Ligand SMILES: [Mg+2]
């Protein structure tokens with residue numbers, strides 16, 4: 001979703017508050033356009049919307065406490081390492097002057113109801129429950145937009161992502177569904193009313209326009225065109241709509257390559273966003289659980305990394321056995337284990353055998369030198385190396401980088417063990 005929302009932001013930035021005649025002529029979705037007056041933002045460059053979304057995504061991935069001060073730190077860090085235009089003038093100056101989140105919080109007047117809290121809320125929508133989404137989007141909103149309208153707009157934007165990612169219904173029902181969620185916590189609603197005409201600076205305007213565009217079209221490029229056709233604050237409309245719609249299996253994912261490839265690709269550009277997106281989807285996936293998504297199946301990482309010359313696989317067989325498999329051009333290593341599901345997504349693995357298979361040599365088998373490992377497993381929707389849909393298993397172990405695998409098939413049996421009958 002991060003690449004797509006950045007494409008929406010960068011494409012929309014060429015049209016932000018531009019003359020309607022300019023928009024009508026150039027809004028073809030066939031390439032980025034240079035904004036007629038904002039010389040500081042070149043074609044394909046994203047703006048504050050994406051930069052602040054990156055900060056929110058990084059904080060979710062970090063699993064650090066979800067507090068205003070920590071989030072404010074992230075906003076300051078993201079800005080200082082990669083200054084860019086697009087921020088409102090006063091906020092830009094403030095970000096330039098403060099050293100950290102505490103100073104930002106001490107000096108900011110957070111009484112705005114503009115779109116700044118909604119435009120960056122998307123990643124929060126990936127969290128597994130509506131309660132989590134409402135809470136996390138409100139906390140991040142209060143840093144800069146501590147008003148009922150500013151907070152509710154952020155919640156609505158995050159809920160749109162949640163509805164799409166968890167496949168909760170047809171897009172025509174998105175607005176009424178958001179109304180029910182926000183009203184359950186005292187919000188005003190009104191998110192199903194269609195937006196018409198130029199989009200102003202208030203957060204609720206951008207979010208309502210984004211929901212309207214998502215309800216009208218069934219392809220991502222059509223949604224992008226509709227967002228920009230409103231005129232006004234359209235980089236934010238497109239950021240909110242594309243972040244959500246990119247997570248919907250009901251929306252044809254047809255963003256032209258000229259927009260995907262033309263997105264800026266500096267240190268925090270396309271490649272960075274792609275990797276951050278994969279980590280974000282992993283860390284927000286539901287914990288595997290006897291009652292929830294299951295780890296049973298054969299999983300491999302080769303489809304997640306383009307041009308990989310090595311492949312790791314893991315199999316969790318329903319009978320309580322399984323194996324890790326590491327293959328390169330010369331040899332395959334297999335670590336067999338017995339596994340047991342524990343509460344809270346944890347899996348206890350007890351290794352049994354280590355097997356080494358080299359082509360042209362007789363296989364080696366020995367006792368495994370490790371006895372046990374405790375892993376945390378998450379299973380959720382993600383994307384593979386060519387942006388295809390994949391079911392992704394994320395395994396985390398203490399003090400190691402999380403490892404990701406895509407589902408190869410769910411009905412794995414011991415017969416798929418590459419070491420076969422060797423014991
Ligand atoms: Mg912007």
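Glycine is no exception: its Cβ is also placed from the backbone N, Cα and C atoms.
Just so you know, TrEMBL annotations never went through curation; they're auto-generated.
If you check TrEMBL, you get these features:
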- 47, 48, 49: Mg(2+) binding site (BINDING)
For residue 48 (Mg(2+) binding site), write down the residues of its own chain that are at least 6 apart in sequence and whose Cβ falls under 8 Å from its Cβ; none is a fine answer.
84, 86, 87, 116, 119
Mg(2+) site, defined by 47, 48, 49: further same-chain residues with Cβ within 8 Å of the Cβ centre:
9, 13, 46, 50, 51, 52, 84, 86, 87, 119, 235, 236, 239
Fewest Cβ neighbours within 10 Å, where candidates are the binding-site residues 47, 49:
47
Where does residue 47 (Mg(2+) binding site) sit in DSSP terms: helix, strand, or coil?
coil
